[in-house]
Amino acid sequence: MTKPWGNYYRWIVVLVGFMCLTSICSNYIIINFTFICMKNDMTNAVPDSNGTLRSIYDYSPSEKKWILWAVALGTMLGTLPINVLYVKFGARVPFLLAGIASIVSTGLIPWAAGFNYWILIALRFIQGLAYSADFAAIGLITVRWAPLTETATFIAVMTSFTGISSTATNSVTGVICESSLGWKWSYYLHAAVGFLLFCLWYVVYIDHPQDTKRVSCKELSKIEKSKSAAHLDKSTDVPYRKLLTSPVIWCVWLNAFFEMSAVIVCSTYMPIYFHEVLKFGVTETGFWVALVLFIWLPVRWVSAIMSDKITCIGERAKMLIFNTIAVGGTGAFFAVIGFIPVEQKYWSVAAFTMTMCCVGVNSGGFYKCGVLHARQYAHVVIAAIQWTKCVALFSAPAMVALFVSNESVRTQWIGVYLVFGGLMQITNLLSYCIFTDKPAEWTNSDEKPVSKA
């Protein structure tokens, strides 16, 4: 009997996985936008030292820093345990549990924000633990379900969750904040949608495509083509020591870290920069931030398809070209943002847009290098990229705290953009000496070329 999805069940898996990844990410970034709205909520106002009424939700820069860092700490501490769970049990149940943790903590945040600051921090920590499951899930879905000829496309689609979540969350939250519902309903809505999506995940996802009749023989053959027996082995142990001493993998992680730092600064501080420095209104800020974080997505998908389908250029050369755009190009545009005068604020919007568009090319750069070199252990490499993003969740706010004492002064932001932009140029140059498209010897994979058929 012909299946309604034909030979494309893997894309149903990718789509459902992508929506669940988006849900978890959206849940933890809601607060980046609601910071703007919360401080104007005088429902439970208290007098400050001068006797002036102040909203209990009007957090100081130091309090905001810990609210952001709680997620980073949770993600850092959760990355290794969740990766161990994925290796032992697959992604279906561990990712479901991560989703449940994210949903519950998100639904409780409005209550915690009004009741106790440290309970809010604890819930943000739980959101971080849940978020630690995201990148390992991407890696495992790619390893198990992606044909080698579709690696960049799988990664591009699933890692788009950051941009989609930022676009959807900022635009929806901006509208809800200014409606009669108020900012709290953004959390309730996100939690409800997350519940529905993770129910769908549990129904759709299977850990091994060969274990389900939903996958046709033709599709299974395509998924397994050019993969070694070691790659397809369900019980393979991860050679952590060899992986952690590989110069190629470390170069992948270094490129990822500095590019992730730029992404964190954009996703976390763009609303604040647009509102406080460029003087956009709340609704305008939501619109422009959503637009910037959406425009790069078509670039991401098209560049991934190009990376997988172009055959007239060698794989290593393609990776270096894509990485130069993704890391070098991002660094160049990022470095100039702080120098653009406030009077030319739309040029600032353009610079942020170009930064994110360059980021969109990374699936054909360091991501693809990590997957092709680590092969069946790529989920460990991609999970570690998640860990570098956790470090970036600390380093980005720390860099902002170092340079910026007044969020509305443009010149104080120059150091933040310049330092990260310069470091990206250096790490991109390192990739020219180290990147390879060959599988590592510890993967026990035959070094035969990936078939394009």
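Each Cβ is built from the backbone N, Cα and C atoms, and glycine gets one as well.
Curation plays no part in TrEMBL annotations; they are all automatic predictions.
The shown structure was predicted, so the numbers you read here are calculated from the model rather than taken from an experiment.
Record features (TrEMBL):
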{"type": "DOMAIN", "residues": "12-439", "note": "domain 'Major facilitator superfamily (MFS) profile'"}
{"type": "TRANSMEM", "residues": "12-36", "note": "transmembrane segment"}
{"type": "TRANSMEM", "residues": "66-86", "note": "transmembrane segment"}
{"type": "TRANSMEM", "residues": "93-111", "note": "transmembrane segment"}
{"type": "TRANSMEM", "residues": "117-141", "note": "transmembrane segment"}
{"type": "TRANSMEM", "residues": "153-173", "note": "transmembrane segment"}
{"type": "TRANSMEM", "residues": "185-204", "note": "transmembrane segment"}
{"type": "TRANSMEM", "residues": "248-274", "note": "transmembrane segment"}
{"type": "TRANSMEM", "residues": "286-307", "note": "transmembrane segment"}
{"type": "TRANSMEM", "residues": "319-340", "note": "transmembrane segment"}
{"type": "TRANSMEM", "residues": "346-367", "note": "transmembrane segment"}
{"type": "TRANSMEM", "residues": "379-402", "note": "transmembrane segment"}
{"type": "TRANSMEM", "residues": "414-435", "note": "transmembrane segment"}
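Averaged over the domain 'Major facilitator superfamily (MFS) profile' (12-439), the predicted model has a pLDDT of 87. Listed by sequence, the residues of this chain that lie at least six past the ends of the transmembrane segment (117-141) yet keep a Cβ under 8 A from its Cβ atoms are 13-14, 17, 20-21, 24-25, 27-28, 31, 63, 66-67, 70-79, 82-83, 86, 90-91, 94-95, 98-99, 101-102, 104-106, 108-109, 154-155, 158-159, 161, 378-383, 385-386, 389-390. Here the transmembrane segment (248-274) does not touch the transmembrane segment (93-111). Their Cβ atoms form fewer than 3 pairs under 8 Å, with each pair 6 or more residues apart.
Across 12-36, 93-111, 153-173, 319-340, the stretch most heavily in contact with the transmembrane segment (185-204), judged by Cβ pairs under 8 Å, is 12-36.
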